[in-house]
Amino acid sequence: MEPRDPSPEARSSDSESASASSSGSERDADPEPDKAPRRLTKRRFPGLRLFGHRKAITKSGLQHLAPPPPTPGAPCGESERQIRSTVDWSESAAYGEHIWFETNVSGDFCYVGEQYCVAKMLPKSAPRRKCAACKIVVHTPCIGQLEKINFRCKPSFRESGSRNVREPTFVRHHWVHRRRQDGKCRHCGKGFQQKFTFHSKEIVAISCSWCKQAYHSKVSCFMLQQIEEPCSLGVHAAVVIPPTWILRARRPQNTLKASKKKKRASFKRRSSKKGPEEGRWRPFIIRPTPSPLMKPLLVFVNPKSGGNQGAKIIQSFLWYLNPRQVFDLSQGGPREALEMYRKVHNLRILACGGDGTVGWILSTLDQLRLKPPPPVAILPLGTGNDLARTLNWGGGYTDEPVSKILSHVEEGNVVQLDRWDLRAEPNPEAGPEERDDGATDRLPLDVFNNYFSLGFDAHVTLEFHESREANPEKFNSRFRNKMFYAGTAFSDFLMGSSKDLAKHIRVVCDGMDLTPKIQDLKPQCIVFLNIPRYCAGTMPWGHPGEHHDFEPQRHDDGYLEVIGFTMTSLAALQVGGHGERLTQCREVLLTTAKAIPVQVDGEPCKLAASRIRIALRNQATMVQKAKRRSTAPLHSDQQPVPEQLRIQVSRVSMHDYEALHYDKEQLKEASVPLGTVVVPGDSDLELCRAHIERLQQEPDGAGAKSPMCHPLSSKWCFLDATTASRFYRIDRAQEHLNYVTEIAQDEIYILDPELLGASARPDLPTPTSPLPASPCSPTPGSLQGDAALPQGEELIEAAKRNDFCKLQELHRAGGDLMHRDHQSRTLLHHAVSTGSKEVVRYLLDHAPPEILDAVEENGETCLHQAAALGQRTICHYIVEAGASLMKTDQQGDTPRQRAEKAQDTELAAYLENRQHYQMIQREDQETAV
């Protein structure tokens with residue numbers, strides 16, 4: 001199919017904005033035809049030229065695959081279509097349609113270029129949108145202009161125009177011009193350095209939004225023949241579903257010939273084994289090309305999990321994968337997608353959400369009876385996530401690059417997970433006096449993957465669930481939720497509502513009656529556990545030794561562990577203890593004589609007197625995150641004793657991490673050395689953690705020689721400094737999966753979220769390093785007037801009184817600007833309270849950056865305080881200095897929410913804008929090539 005010529009409007013002289021795409025075009029000044037070298041191939045692309053030696057591509061009507069004819073009834077141009085933020089699966093879906101999200105990115109010029117940008121003519125600045133799949137940014141009013149420059153997004157499907165739907169096809173690159181580009185040129189190996197990149201209009205790179213390869217935008221690096229080369233789909237080619245597999249089907253025509261065929265085949269259809277789902281017409285069909293090297297992936301994201309984590313992570317997957325393999329579960333669930341991809345060989349699934357999301361997908365797979373069932377990996381969002389912990393995926397998503405997650409899914413081991421049936425029926429022997437009007441005869445779920453429990457824990461969960469249903473506005477804060485849980489648990493303990501549990505139940509396991517044993521134990525909670533983890537990571541079965549009658553717990557052995565909890569063992573569970581082991585069995589018959597709170601995988605209810613049978617349902621196929629293998633082992637397998645590693649340990653504060661973790665060199669410079677540890681060469685991080693925690697306990701150790709080191713907090717974690725283009729945190733639950741040699745070279749970095757204060761930074765002003773003189777410079781003896789007060793208290797008083805000169809004098813004399821009062825309020829807190837702009841500016845300029853996000857005893861930062869007081873200028877100072885707008889106080893409020901409560905709508909709008917900008921900055925940097 002020959003490419004069409006660019007429209008006259010596309011022949012522009014705008015050299016400041018251009019695009020090169022397998023479905024797009026380039027724009028720039030027309031070079032003289034006799035001087036412009038052309039590609040020496042049979043196929044020519046009108047408008048494609050070289051402009052001297054500066055640019056590789058400057059203007060193009062390039063169409064590797066001419067756009068398919070428009071679907072009847074579908075809008076023709078981008079401007080006539082609605083602005084979509086989701087993938088269009090209807091028959092009118094546009095070829096190469098962008099997926100737009102709102103953005104506050106201000107450093108990127110509008111992609112359509114100055115000639116076609118309509119926003120510059122508007123009186124106010126226009127909002128911008130960013131395509132999640134190809135990362136271009138345009139003004140919202142300019143989206144329709146993309147049609148004029150003939151630029152489309154990377155195609156996610158192909159048309160079924162040929163009778164041979166399995167005709168050999170390949171994917172072409174989708175080249176896009178970039179004004180900013182990280183990484184190095186694939187041809188020359190040099191970086192894309194450019195001065196003043198934030199406001200530059202210069203095109204510095206050409207990159208493919210499929211394989212992420214990037215080249216300098218000059219003819220010496222990017223050759224014209226590369227435009228038509230097949231794309232490898234990049235490092236994740238094994239999991240990316242190529243657009244050539246996805247065909248848009250044509251709706252059958254009701255012609256006379258077709259109707260005769262329909263009548264002739266009607267008897268066949270009556271005897272067909274296809275279900276109604278399989279037989280109905282769909283706009284898109286999947287025609288895979290099987291390959292033993294491929295593990296095609298479907299990603300299901302629950303956007304409601306983990307706050308807004310789910311909604312944000314969808315955008316990252318749209319960038320790395322084909323948008324038609326990423327599904328938002330709030331748009332209809334997983335069934336349609338699984339039906340459509342059911343015939344794809346070697347399929348894998350990534351469930352992004354909590355354990356409930358995983359259970360939803362597993363139940364859908366049961367209903368569809370896919371053979372073989374695709375293995376399911378987990379990206380845990382939110383809290384809890386005991387199944388994800390069991391399979392080594394961790395207790396929650398922190399900031400691991402999506403690219404690394406895709407690699408883990410591809411390389412993960414396939415394991416089995418027992419799933420258990422729950423059958424409940426009313427107990428006919430229960431008397432009418434035992435009936436409870438608030439009880440139900442049905443369980444919330446009829447299958448469980450994690451656990452089934454009754455008693456104390458189910459009662460607390462049920463109280464929380466019912467209270468949240470009645471007053472959802474009171475449960476919008478994680479802190480409040482925890483406080484409610486604690487209060488409910490304490491009141492339930494005092495009332496003893498579950499102390500007589502053993503009197504009202506009968507438990508028979510594999511034909512053995514455990515009721516007498518349970519009545520002797522008098523547990524307040526009984527758990528039937530399938531996996532080792534329970535209650536956000538605890539291990540209630542523990543590790544039975546060889547002298548016990550029990551086996552270690554497994555999630556694939558066809559056995560349930562039955563555990564009883566007294567109040568003592570429940571308390572011990574949180575500090576590494578375990579419950580009372582009752583038995584391991586294959587079948588349970590549980591009879592309750594009265595209404596009792598129960599929960600199934602965290603879903604609670606009050607179940608009327610019932611007979612409950614628990615038996616093995618089936619085994620689900622899961623993906624377990626594999627332990628990483630060192631690419632360069634430090635010793636050969638023949639060595640009996642591992643080589644010893646001597647590694648420097650350096651600590652990073654949370655403020656420095658949030659500000660600099662995309663810049664490795666700056667973050668390394670900001671780190672504070674703790675000392676040196678010596679570990680075996682094959683150590684994993686669990687073993688290394690023990691050595692680091694002993695570091696400061698040794699009186700003669702390296703840690704003791706560092707006078708500025710504060711003790712490590714209990715929440716510190718390792719940072720991976722080698723396997724990605726930036727630093728990222730390693731979940732503590734996954735430390736046993738990572739070797740020391742894989743995350744560090746000569747130095748290992750750890751993140752301490754509670755590291756705060758002047759002593760964390762060795763380069764702070766001291767009495768021996770005076771500041772430059774100022775009009776407020778003290779005269780000899782000028783500081784003696786307040787000698788009765790300690791220097792720290794004098795600083796506090798100076799901030800309270802708005803005494804700028806006094807504050808400067810004290811600082812020059814060695815005063816600690818990170819000093820706090822008895823309520824943990826910093827000098828900046830006091831300066832904000834008095835509204836002293838001069839003192840605030842001085843503290844922001846001279847105090848260490850940790851002061852920005854320092855919290856007082858109520859959890860408030862100085863920005864929370866300024867927002868609540870409506871101090872707009874001070875808020876601006878603090879935000880521009882780099883304060884986090886996403887920190888919450890003890891009420892769960894961000895600074896923006898504090899401004900809203902103060903009814904300052906303009907300030908709230910400003911803070912919301914800057915908060916969104918902070919989030920977008922992180923996302924943009926995370927997609928660096």
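Backbone N, Cα and C atoms are what each Cβ position is placed from, and that goes for glycine too.
Between the listed ranges 209-217, 362-370, 677-685, Swiss-Prot ties the annotation motif 'Nuclear export signal' to 362-370.
The stretch that Swiss-Prot tags with region 'Disordered', taken from the ranges 160-183, 760-783, 880-903, is 760-783. Feature annotation (Swiss-Prot): of 660-664, 700-704, 925-929, the stretch labelled motif 'PDZ-binding' is 925-929.
Packing against the repeat 'ANK 1' (823-853) from elsewhere in the chain are residues 653-656, 659, 755-758, 760-761, 764-765, 771, 795-796, 799-802, 804, 807-808, 811, 817, 860-863, 865-866, 869, 871, 873-874, 877-878, 881-884, 887: each is 6 or more residues past its ends and has a CB under 8 Å from a CB in it. Looking only at the motif 'PDZ-binding' (925-929), the predicted model's pLDDT averages out at 36.
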